[in-house]
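What TrEMBL says about this one:
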type: DISULFID; residues: CYS18-CYS82; note: disulfide bond
type: DISULFID; residues: CYS31-CYS92; note: disulfide bond
type: DISULFID; residues: CYS62-CYS72; note: disulfide bond
type: DOMAIN; residues: 1-93; note: domain 'SRCR'
type: DOMAIN; residues: 124-168; note: domain 'SRCR'
Amino acid sequence: RCAGRVEVFHAGRWGTVCDDSWELRDAQVTCRQVRCGPALWAPGAAQFGRGSGVIWLDETNCSGAETHLARCPARPWGRNDCYHGEDAGAVCAGVHRQVCTGETGQVCTGETGTDSLQPEPPHLRLAGGRHRCQGKVELLHLGRWAGVCGRTWGPAEAQVVCRYLGCG
């Protein structure tokens, strides 16, 4: 089963989500985003262990219909009154499949024997645009970001990238 601490990728760093206002609707969005089926439980109080570093989201208030956790109403990124003893978790009904979209607000899951949701670095991004869904396509290869040759690039390729990044 997919289960563990929820972490999001924002501004080039991974961070946790505070359990203030965290409920099943928030976990539902998280489980859908990582393709792990419906949410069964939305534990708080660092049920899956305390994270470290920045706490990115606090007071999330998803309706349950959002496609990504970053689209849920919440306090501004990094603004919180939390500590890692309040890290949010999610328990989903589906079987774990590592899914990472490489976008700001990305949620990633993984099981390492501790039932902690573990991030995987993003491998695809749009750079230099005015918002996250606009810009030059870049891939992460051997630890460096590089552009993609556009000679045979067309609408079908652009659609795949947009879908992968949650941009429609």
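Each Cβ is built from the backbone N, Cα and C atoms, and glycine gets one as well.
TrEMBL entries are annotated by machine, without manual review.
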Do any residues at least six apart in sequence from CYS82 (disulfide bond), in the same chain, have a Cβ closer than 8 Å to its Cβ, and if so which, in order?
CYS18, ASP19, ASP20, ILE55, ASP58
Test of understanding: give the count of other CB atoms lying within 10 angstroms of the CB of CYS62 (disulfide bond).
22
Please report the number of other Cβ atoms within 10 Å of the Cβ of CYS92 (disulfide bond).
24
Residues with Cβ closer than 8 Å to the Cβ of CYS31 (disulfide bond), same chain and 6+ apart in sequence?
CYS2, GLY37, PRO38, ALA39, ALA90, CYS92, ALA93, GLY94
Those disulfide-bonded residues listed as CYS18, CYS72, and which of them has the most Cβ atoms within 10 Å of its own Cβ:
CYS18
